[in-house]
Amino acid sequence: MSDQEFGLDAIRNIGIMAHIDAGKTTTTERILFYAGRTHKIGEVHEGGATMDWMEQEQERGITITSAATTVFWLGSKINIIDTPGHVDFTIEVERSLRVLDGAVAVFDAVSGVEPQSETVWRQANKYGVPRVAFVNKMDRMGANYFGAVESMREKLGANAIPVHCPIGAESQFVGMVDLISQKALYFLDDSLGAKWEEREIPEDLQEQCEVLRMQLLEELATVDETNEAFMEKVLEAPESITEEEIHRVMRKGVIEGKINPVLCGSAFKNKGVQQLLDVIVKWLPSPLDRGNVRGMNLKTGEEVCLKPSKDGPLAALAFKIMTDPYVGRITFIRIYSGTLKKGSAILNSTKDKKERISRLLEMHANERTDRDEFTVGDIGACVGLKFSVTGDTLCDENQEIVLERIEAPEPVIDMAIEPKSKGDREKLAQALSALSEEDPTFRVSTNEETGQTIISGMGELHLDILRDRMIREFKVEANVGKPQVSYKETITKASDSETKYVKQSGGRGQYAHVCLEIEPNEPGKGNEVVSKIVGGVIPKEYIPAVIKGVEEGLNSGVLAGYGLVDVKVSIVFGSYHEVDSSEMAFKICGSMAVKEACRKALPVILEPIMKVTVITPEDHLGDVIGDLNRRRGKILGQEASRNMAQVNAEVPLSEMFGYMTSLRSLTSGRATSTMEPAFFAKVPQKIQEEIVKK
């Protein structure tokens, strides 16, 4: 099908999201198969999944990057992004949700809501992404569809509404009752799920299905309270309500974020995936339903509102960078307004840099097809952009707009890295530069005292995979040190400084004079540097140099050399010399001034605190809690179900190295654990002294 056939109302930009191992990628593979995009089903456990195209993904059976593809169903074009479920790759989920219009949340029928399900659900809430839920793995031992629905309500605060009633469970799962059409769907095993039979609802389920359908209708009546005719029918003649009426109200409720309909199935056993495809088209929003896109005009500071129209001015967001050995740098974009043509010149308004598009590519995992243009609602990739990174806005040169950026969390773990030979040094620098462009949560810095290169990321798996990619993709041999905690520094009170940088050694000298005021910024807000210079006491051409110097000064703290965070700096006064002042002098002076001010502002060291979830047999609960307490953990609460207990805690990352090994020995290998970064907190004084000594 050509793209010209699709109006905006027939486009769906959706993500598939879940906890690791809930079956996201398998669900996506079945969608590709049924929609005719692939002619053979790829299996994750065999390393053959189309969407898991990186070697590391196929070996480890997990999704690391967000793969994109397009399928066609019920006369609509569906752009799908399959996202990772592992906490170390949370930025992949964040940047995908930022550009999507809707999402399918996949849950395991046995486990229900798991820790990473909560994380991705929160991320979707943040961007207001409408969702439907798919309870997968109904064929597993212990599968409980209604238990999963209940856990969505309890743990996510979701208004989860069952639209199916399973027929059988575990190995006896043969299909489901569709509560909207009031038909029982039985899947024929010999057709790989492509065919099913519609039958009457089995007698033993009729009463339960009547109750569930009535609950569904009553919930829908609260979605659209202005629709009095629908409410009246629900109260007086529910049997007269048509399927079309239900779909119309359901769609409205989903788009407004008031309800989350829940389907069931088994992607691996080919049951229920086409029904999921149907509701993606019927209930999830098109770009039109998501409304106008808001941004800011950087020159005037005014809010700009653009309609999703292909004839409007261009507004697109770069949400991912990928390096390809043959094509080079590929930038993934979502177009919110206007049309982008191959060969056109555009503006990166975030950086105020002109860019030129050399090629446009439609992606299917790592395969690509050349395109002449992308228009509003499209998700695609372009080649030729030199300056654009994740979160940058691309627009027309004469109509500047900057869209909301994508926030990247602070890394929590560091490793030293060095090339194995001199020949690897340049290749290592290129690899680190390319990988940090691709991934905003991967940072590269230099330890000022030792001169070592330090790489920082979201966890051991994150850095392990990036190291693996350096060897395979960039052919770099490197030695890495042990993982270390990525500490930060901050200040606890306001302070100021007055610094002069004067050098006289014959000929032209160096002169700069800078006065700063600093104060603690809101936790998590990052560093802010502003100029309050008036009257030209520092000429305006030198102000950027002072700001650059201050920013560089904040990169290494005053206690133990860790980067400073959450510091607000105001440049308030200074002076210059007609001959001796230069950009370099003001940059050095800015760096010295901020260090001096920070020393007087009662600096402290911050450590990453992890949100830890442990699921353990109840007879080991006391040992697990005792062990977490010994690790300076704070127990937030515990829940019990089926002889298992779930413990939620906040524990400093420095205490969690080797935790899985110790947990296995404590519980004879019967407990599981997940952890994700929660926030940074001040370290106890005794530990701070030990860190500074090191």
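Heads up, the Cβ atoms here are built off N, Cα and C, so glycines get one too.
Quick look at what Swiss-Prot annotates:
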type: DOMAIN; residues: 9-288; note: domain 'tr-type G'
type: BINDING; residues: 18-25, 82-86, 136-139; note: GTP binding site
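Sequence features, as recorded in Swiss-Prot, placed on the structure.
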| residue | record | CB count, 10 Å |
| --- | --- | --- |
| Ala18 | GTP binding site | 29 |
| Asp21 | GTP binding site | 18 |
| Lys24 | GTP binding site | 28 |
| Met138 | GTP binding site | 30 |
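In the three-state DSSP scheme, Ala18 (GTP binding site) is classed as strand. The domain 'tr-type G' (9-288) scores a mean pLDDT of 84 in the predicted structure.
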